[in-house]
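Quick look at what TrEMBL annotates:
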TRANSMEM  38-59  transmembrane segment
DOMAIN    94-285  domain 'ABC transmembrane type-1'
TRANSMEM  99-119  transmembrane segment
TRANSMEM  131-156  transmembrane segment
TRANSMEM  162-180  transmembrane segment
TRANSMEM  220-241  transmembrane segment
TRANSMEM  264-285  transmembrane segment
Amino acid sequence: MAEVNVSINKQLSISEERLTYRKRMTKRECIELWGKRLFLIASILIIIFPIVAIIAASLSTGTSFMQKNLIPTAITFENYQKALSDNIGFVKWMVNTTFVAVLVSIIQLAMTLPAAFAFSRLKFIGRKKGLMLLLILQMFPTIMSVPAILAVAYRLPFGMDNLIFLSLILCAGSAYNIWLMKGYMDGLPKELDEAAKVDGATVWQIFTKIILPLTKSMSVVIFFFSFIAVYGEFVFSASLLKDKDLKTLVIGLKSFTAGKLTDWPMYSACSIMISVPLAILFVAIQKFISKGLVSGAVKE
């Protein structure tokens, strides 16, 4: 009972302190406080409104979608059923996109880790110039490389209309990941490398046995960022893939806007189903992402 009374007294004292503080607030401070609250509420509504609108559109029919009401009068899941049917091919698009995204993410991570380790821990001729080159490559938009890649692809004997070739092309965008991982490795104590060298460890052993286990959080971050970038990639997929069976999600989504009429309810339903896996993946690995980004920002 004594502990309960103590906790109640603490809560009452905290409430009294808050009331006293509010009474002491000037009129200007009250206006600023409510202004901040209203700004946050307005920002949240601006963010939520498009999501609610697209969900409502996905649950409407073609006729009810054209009405002025945000919530459709006739709610139906027909659009989701059609999207998952064999006639649309959404499942095939999802399989193709997931295959390319996972493959590219794995290859990019495999290239990023040793490259970042070399730039962070090793000293070699051209190290600074290599880092500068990576920085320069980030200044040019990806679309500038499309004509050159297509010119090379047309001359290849095995053709360019396949997911493997698309994956290899998308693996080229690792410069930002290398910079990100290098910054993370720079924050790891150099004494770990020196102690391992004293024990007779080779450079490869230092990389695989010491540095690599310490970069798990940042590796998850890079894998996730690479996955998102490839998951929503459109330029190269639209330029290289011509076979209907090889369509990715973004190309398939674009097909709903072809012609004079756009099937917005179907477009909205597919957009929701495209976004849900990313949201689930983000929630599942949010702990690793937060840890990796925060650790990468702290220098020891």
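Every residue, even glycine, has its Cβ placed from backbone N, Cα and C.
Taking every listed stretch (38-59, 99-119, 131-156, 220-241) in turn, the largest tally of C-beta pairs under 8 A with the transmembrane segment (162-180) is reached by 99-119.
Stretch with the largest number of CB pairs closer than 8 A to the transmembrane segment (38-59), among 99-119, 220-241, 264-285: 264-285.
Highlighted: of the candidate stretches 131-156, 220-241, 264-285, 220-241 has the greatest count of Cβ pairs under 8 Å to the transmembrane segment (99-119). Within its own chain, the transmembrane segment (264-285) has Cβ neighbours under 8 Å at 54-55, 57-58, 60-62, 65, 79-80, 82-83, 88, 90, 94, 220, 224, 227-228, 231, 249, 252-253, 256-257, counting only residues six or more beyond its boundaries.
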